[in-house]
Structures are given as C-alpha cells and as structure tokens.
Ligand code: PRX
C-alpha cells in the first residue's frame with residue numbers, strides 16, 4: 001500500500017528553494033524550537049510595529065487560546081501592495097482572464113495599489129470603520145481582490161460569499177456577522193451563463209436579520225439592467241472613480257481579524273471561520289513561496305474561486321504578499337471547450353498551475369486530445385487541492401498535463417488551517433500518487449485510534465494536529481464555545497481535523513476523507529445537516545437523511561433519503577421538485593445527486609438515525625451493513641436496500 005514512487009527530479013532539486021536535506025533539518029528545527037523558527041519566518045512580513053511575542057497558544061479546552069506575533073502591528077494590504085512598489089511597481093500583479101476568451105487584461109502592482117486605495121477610501125467615506133464586516137458576493141473579477149484588499153487596508157473584516165450560493169445562504173451569512181456593506185455585481189458570467197448576483201442580494205436582504213446592511217455597492221459586469229434601491233444601492237464604478245488613489249493603511253494588530261469565511265460542519269449552520277492578520281499572512285505567504293517553489297518570473301494560476309479559502313490564501317493573499325503574478329480566471333474548464341485551461345496556460349505562459357482533482361477527473365474523461373492541442377511548455381509545477389486525488393487522476397495529471405516533466409504537489413489543508421499543512425516540497429520529497437506526503441514546517445500531525453490513543457509507525461485512524469501554526473483559525477465568529485467543542489473536545493489537547501488518514505512505513509500521510517457528517521463534493525464541503533434541513537423545510541417532507549456516496553467526477557455525491565408526510569405520494573415530478581428546492585435553498589453545489597424515497601429511516605431505540613447503514617446502502621454495499629439488531633425496527637432496512645439507487 002506504499003504506492004508507486006516518483007522520485008524528486010535532480011534537475012528540479014538543483015534549483016529548488018528547499019532540498020531534501022534542508023527539509024529534514026528545517027522541519028526538525030520547526031517542531032523542536034517553534035518559537036525561534038517562527039520568529040525568523042515572521043520577519044518576511046513588513047511590520048508597522050515589530051512583534052516581540054511569537055507564540056502564545058494553549059489547546060487546553062478550558063483555556064483555549066491561539067495567538068501569534070500578538071504585539072506586532074501591520075497592514076495586510078500594504079504587505080500585498082505598497083512594499084512592492086519600489087522594485088515591482090510595473091510588474092503584473094493580476095492577470096485577469098475573463099469567461100470570454102477575448103477578454104483579458106494585466107494589472108500592475110502600481111495600478112492595483114491605486115485601485116485598492118480608491119476602494120478603501122470609498123469604504124471609509126461610506127462609514128465603514130475598522131472591525132466592521134463587509135460581505136463580498138462577486139464573480140472572479142479583479143474587483144473581488146480589490147474589495148478584499150480594500151477591507152484589509154482599513155481594517156474592515158471581509159466575508160466573501162461564493163457567487164454560487166443562494167439568497168438564503170447569503171442572508172444567513174450576512175445575518176450571522178451583522179454585515180454593514182455588501183459588494184456585488186449586476187450579474188456574474190460563467191461558462192457563457194449569467195448569474196443574477198444583484199437580484200440574489202435584493203432577495204437576501206428581504207430575509208430576517210439582514211437589516212444591518214446599510215449600503216450595497218454594485219460592480220457593473222455584464223451591464224444588464226438591475227433594480228437599484230435608493231439610497232441603499234450605489235454603483236461601484238462611478239464612486240471609486242472619484243476617490244483619491246492614496247489611502248494611508250490602517251495599523252492593525254496581528255491578532256485583529258482579517259476575514260470570516262463560512263464553512264460547513266457536521267452539525268447546524270455553516271460556521272464563520274475567523275482568521276486574523278499577522279500569523280495568517282506569514283503562513284499563507286511562506287507556504288505559497290515554498291510549496292510552489294516560487295520565482296520572481298513565475299506566472300502562477302490557482303483555479304479556485306475567491307469564495308473558498310484556496311482563493312483567499314492562494315489566489316490573493318499568499319501570491320500578492322510574495323509579489324507574484326497571480327491569474328484570476330472567471331470561467332470554467334469546459335467552456336467554450338474542454339481545452340480552455342490549456343489555452344489559458346499557453347496564452348499567459350503559466351508556469352505554476354494549481355487545481356482540484358474534480359477538474360482533473362472531468363477533463364480526463366474528455367481524453368488527451370484537448371490537452372495535447374496546447375503546448376503547455378511553460379508549465380513547471382502542478383498542484384492539487386480540495387480532496388484526495390485518486391492515483392489514476394494523479395498519473396494522468398503528471399503524464400498528460402505535465403508531459404511527465406512537472407512535479408505535482410498534492411496539498412492537504414482546510415478552511416480552518418489557513419494554509420497548506422501536508423504536502424510534498426517538489427525539490428525535497430519523493431511523490432507517491434494519492435499521498436499528500438509529509439508535514440510542512442511547524443506542523444505536527446498525529447494519528448489516533450478509536451480510543452484517542454496516538455499511534456506510532458504505520459497506522460490508520462483519525463488525523464489530529466498536536467501543535468499550532470501561525471495560519472490556524474482563531475475562533476468561530478460569535479461562538480467561541482462552538483470552536484472549542486468542534487475542534488478541541490474530541491481529543492483533549494489537540495486540534496481534530498475531521499479527516500481520517502493512514503501513515504505508511506515511510507511516514508507518508510494518505511488522507512482517506514472526512515470521518516464526520518461532512519460530504520466533500522467536488523472539493524467543496526457540504527454539511528449533511530444543511531441539506532437535511534433544506535429538505536425538511538419543504539411542506540411535503542416529513543424527514544430526511546443525507547449521506548455521501550461515491551461519484552466518478554465529484555469524488556463524493558450527495559445521496560438523500562426522504563420520508564414524505566402522510567398522504568403525500570412519491571413521484572418523479574416530486575423528486576425533481578425536491579432537488580430543485582435544495583438548489584434554491586442552498587445553491588447548485590448542494591443539489592442531491594440521488595434521492596431515494598424512504599417509507600421510514602433506520603433508527604436506534606432512542607430515535608437516532610443510523611447513518612452508518614444509510615452510507616453503506618448508498619455505497620451499494622448492502623452486505624456490509626454490520627449489526628442492525630439495535631435498530632428499533634430492523635425491517636425498514638430491507639426496503640431501503642431493495643430500492644437503492646446505486647447498483
Ligand atoms: O477532507 C479534507 C479535504 O477537504 C477538507 C477541507 O475542505 P475545505 O475547508 O473546503 O478546504 C478545501 C481547500 C483547502 C479536508 O478536511 N481535502 C483538502 N485537500 C485535500 C483533502 N483531502 C485529501 N487530500 C487533499 N489534498
């Protein structure tokens with residue numbers, strides 16, 4: 001089970017930022033003397049007032065606190081912009097590649113600095129002050145990065161909401177953090193299709209709890225007519241144009257919040273993951289530089305949307321803090337055709353390319369021709385993120401996309417971790433397809449068995465982290481207790497990742513997937529509880545249980561069991577209606593792939609749904625149901641097995 005090995009390419013290693021020997025010695029130092037290690041690395045950021053404290057952390061649930069560099073003062077936007085102006089002012093900061101292949105442009109650091117200053121001045125003039133929350137609900141256009149950096153410049157806290165989320169999901173996020181201002185666009189544009197962003201905001205703001213919003217700024221993207229409500233709604237373009245291109249950066253404490261990003265958990269509503277300023281920036285920029293072996297002349301492209309953490313750390317903050325050229329892509333991999341990614345690579349001479357296994361699997365299905373049509377000669381390193389990459393997809397990525405000459409970094413991390421934690425460094429660590437390999441500097445993973453005992457050597461179990469790193473989330477916004485309960489109660493003294501993992505005899509980590517009630521659909525986290533509550537909100541539904549199932553392209557699909565209210569009859573029309581209902585309630589990414597009618601659900605005598613059984617039925621493994629004798633009514637299982645939708 002140790003898998004095939006792809007050794008480090010000596011030619012790559014000869015020029016790499018980190019070699020094998022350096023990895024070993026730096027890793028040893030980083031975990032034995034984190035204080036000194038991170039003191040040195042903290043110097044990569046420009047501080048307005050230097051830090052004297054480095055690490056102040058306790059993972060003890062009764063005294064949980066995580067602080068890094070906490071007496072330091074900085075400004076994140078100044079680190080991403082101002083400090084590059086002297087030497088890199090005319091370097092391209094952002095390459096924008098629009099949905100339409102004829103729509104692209106370059107924005108230099110100097111231009112981006114001016115754009116961010118204007119936007120920051122605008123926010124200030126609209127009454128946004130340090131600590132206020134601003135929601136960003138935009139497509140992948142440069143204004144999204146400008147809006148994030150403008151918030152950072154004045155110390156406001158952004159909450160980016162993925163443009164694919166529904167008005168209800170947006171409203172929930174706005175209400176949870178009492179957002180003062182929303183930045184959106186008239187419409188989004190993806191794969192030639194329009195997304196009614198402004199109309200969604202209008203609808204969201206009719207929901208309870210959203211009256212904190214005073215202003216909605218609207219970026220003109222498609223020029224479609226949209227309803228503007230005065231005085232609430234204002235056009236971004238006209239207002240920013242009138243602002244000064246200079247804006248003094250606000251001094252911000254290292255532990256002041258930078259952003260909130262909502263993510264699904266196993267229970268309840270999405271949690272507002274809170275990241276702070278100093279440690280986050282140190283960690284995002286440091287990992288970006290080393291994991292991607294960054295050089296000044298690289299053209300770096302991460303295909304993630306800014307609505308996800310990958311877009312925060314590795315489209316915007318990491319690359320810009322490093323003075324890199326980062327590509328923002330508005331479109332999708334298969335439009336106008338399935339060669340689009342590789343056309344973009346050739347067009348902009350992309351050297352570093354970072355995408356998700358789901359995209360690789362979808363493109364793999366189209367064969368090699370669409371890839372081979374493009375030269376891809378500029379590529380020198382490939383990355384993967386979001387879910388386990390199956391070895392077949394890894395091999396194809398390596399052989400076809402990278403022509404067998406580009407190393408692959410399979411990077412494991414989470415919204416909560418702020419940056420990459422387990423990954424190969426291409427010049428230092430031999431790759432094994434399907435394994436995220438070894439911990440990054442300062443990261444102490446451990447594997448525990450079902451009793452919570454830390455295991456040694458080759459083993460399999462739940463993945464925990466026994467020490468902190470600067471990019472770690474600090475709290476759940478507005479609910480610190482939930483932070484403690486979710487991550488620090490299961491295994492006292494450690495952070496629980498929610499993932500299972502195996503460690504092989506070479507000390508390589510293989511992430512096996514979520515061990516909680518979270519489904520990883522195309523690299524996006526969906527809480528089963530969220531889909532269930534959307535389903536039961538439908539007037540005809542009595543009860544619902546949702547589990548993950550295998551899916552060739554998405555990695556995992558959503559499998560829903562639905563019990564209708566008495567008197568309601570199952571039908572294909574109702575099935576379609578319920579799937580559309582979930583789409584509307586949460587967003588297209590949460591649409592069930594399978595919906596099975598369940599006359600009743602398997603429950604314990606205390607009324608708890610036995611998901612283990614439902615998961616096995618959805619996996620088409622009815623012979624592995626295990627013990628069903630503890631069910632209140634074991635006979636319900638036979639019907640569900642007979643009617644299962646995957647065979
Ligand atoms: O299960 C792991 C999976 O994605 C989860 C984190 O999802 P999210 O917070 O949305 O962040 C995604 C981007 C960082 C993890 O708990 N995951 C992420 N990367 C990998 C992965 N599983 C296996 N291998 C990876 N490289």
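Quick reminder: no glycine exception, Cβ is built from N, Cα and C everywhere.
Unlike curated entries, TrEMBL annotations are predicted automatically.
Here is what TrEMBL records for this protein:
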DOMAIN    23-80  domain 'Acetyl-coenzyme A synthetase N-terminal'
DOMAIN    82-465  domain 'AMP-dependent synthetase/ligase'
BINDING   190, 191, 192, 193, 310, 334, 522, 583  CoA binding site
BINDING   386, 387, 388, 410, 411, 412, 413, 414, 415, 499, 514, 525  ATP binding site
DOMAIN    530-608  domain 'AMP-binding enzyme C-terminal'
BINDING   536, 538, 541  Mg(2+) binding site
MOD_RES   608  N6-acetyllysine
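The Cα of residue 388 (ATP binding site) lies closest to that of 522, out of the recorded positions 193, 310, 522, 541, 608. Cα spacing between residue 583 (CoA binding site) and residue 538 (Mg(2+) binding site): 12 Å, rounded to the nearest whole number.
Within 10 Å of the C-beta atom of residue 413 (ATP binding site) sit 24 other C-beta atoms, taking all shown protein chains into account.
The Cα of residue 538 (Mg(2+) binding site) lies closest to that of 608, out of the recorded positions 193, 334, 411, 514, 608. Counting Cβ atoms from all protein chains shown, residue 522 (CoA binding site) has 20 others lying within 10 Å of its own Cβ. Here is what falls inside 10 Å of the CA of residue 522 (CoA binding site) among the recorded positions 386, 415, 514, 536, 608: 386. Counting only residues at least six positions away in the same chain, the Cβ atoms of 498, 499, 500, 520, 548 sit under 8 Å from the Cβ of residue 514 (ATP binding site).
By a simple count of nearby Cβ atoms, those within 10 Å, the most crowded of the binding-site residues 191, 388 is 388. Considering other CB atoms within 10 Å as the measure, the emptiest surroundings among the binding-site residues 310, 334, 411, 415 are those of 334.
Nearest by CA distance to residue 411 (ATP binding site), out of the binding-site residues 191, 192, 310, 334, 541, is 310. Comparing residue 536 (Mg(2+) binding site) with residue 413 (ATP binding site), their Cα atoms are 32 Å apart once rounded. Spanning the listed CoA site, residues 190, 191, 192, 193, 310, 334, 522, 583 have a farthest Cα to Cα distance of 24 Å. Reported as a whole number, the C-alpha separation between residue 334 (CoA binding site) and residue 415 (ATP binding site) equals 26 Å. By the criterion of other Cβ atoms within 10 Å of the residue's own Cβ, the least surrounded of the binding-site residues 536, 541 is 536.
Across the fold, the C-alpha of residue 413 (ATP binding site) and the C-alpha of residue 190 (CoA binding site) stand 27 Å from each other. Of the listed recorded positions, namely 190, 583, 608, the sparsest CB environment within 10 A is found at 608.
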